[in-house]
Amino acid sequence: MASEFRKKIFWRAVVAEFLAMSLFIFISIGSALGFNFPVVANKTSTRSQDNVKVSLAFGLSIATMAQSVGHISGAHLNPAVTLGLLLSCQISIFKALMYILAQCLGAVVATAILSGVTSSLPGNSLGLNALSEGINAGQGLGIEIIATFQLVLCVLATTDRRRKVYPGLDIPGWGCASRAVSRYISLPIDYTGCGINPARSFGSALIANNFENHWV
C-alpha cells in the first residue's frame, strides 16, 4: 500500500477513474433527462424507444471511456467491477478503495452539473433509481443482483489473462462489456431504474437527497 501511495502512476489512474466516471455519468444520465422525451420515475414520458436511447447511451459512453482511459486505470467505472477485481486478487485493497472513492466523487460531480443544466426540467429526478409500481424491495434486489452479476462476470471473464482466444471471438473485455451494459440496462430499467452501478446510484440519490430504497 505504501509503495502504491508514492507512485505517480497510481494517482494518475485514480484521477482517470474520476474524470472518466464524471463524463460517463454526464452523458448517460443526461440522455435520460432529455427535455423532449425524458425518462421519469422509470417510465418514458412519450416515446417507447427512449429506453433504447438510454441503454445505447450507457453502453457507448462506457465503451468510449474504456478506450480513453483503459490503458491508464483499467476503466472500472463501477464499484461492483472494482470489487470483483479485488476479490479475484487483481488489485490491492487500497487501490480498490481509492477507485471506489473516485468513482463516487465523479458521479456526484457529474450529477451536480446535470442538476444545474436541467434545473428547469419539470419532474426532474436526476436519474434517481426507484422501484416501479408492483415491484417490492425483494424483487428489485433480485433483479439488481442478477444484472450486476452478469455485468461483472462478463468483465472478469473477458479480461482474464488465462482466457484462450478463438478465431472470431477475440473481443476486448470492455468492448464485450459495453454491449452487455446496453443489454442489461434495457431489462432492469423498467423495474428498478437499473442501478448495477453503486456510484451512479449514489450520485443521483445524494444530489436529489432521496435515499428511499437506495440499498437495493
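Each residue, glycine too, has its Cβ placed from N, Cα and C.
Computed from a predicted structure; not experimentally measured.
Quick look at what TrEMBL lists:
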TRANSMEM  9-35  transmembrane segment
TRANSMEM  55-75  transmembrane segment
TRANSMEM  96-117  transmembrane segment
TRANSMEM  137-157  transmembrane segment
Of 55-75, 96-117, 137-157, whichever stretch has the most CB pairs under 8 A to the transmembrane segment (9-35)
96-117
For the transmembrane segment (96-117), find every same-chain residue at least 6 residues outside the stretch whose CB is under 8 Å from a CB in it, and list them.
10, 13-15, 17-26, 29-30, 33, 73, 76-79, 82-83, 85-86, 124, 126-127, 198-200, 202-204, 206-207
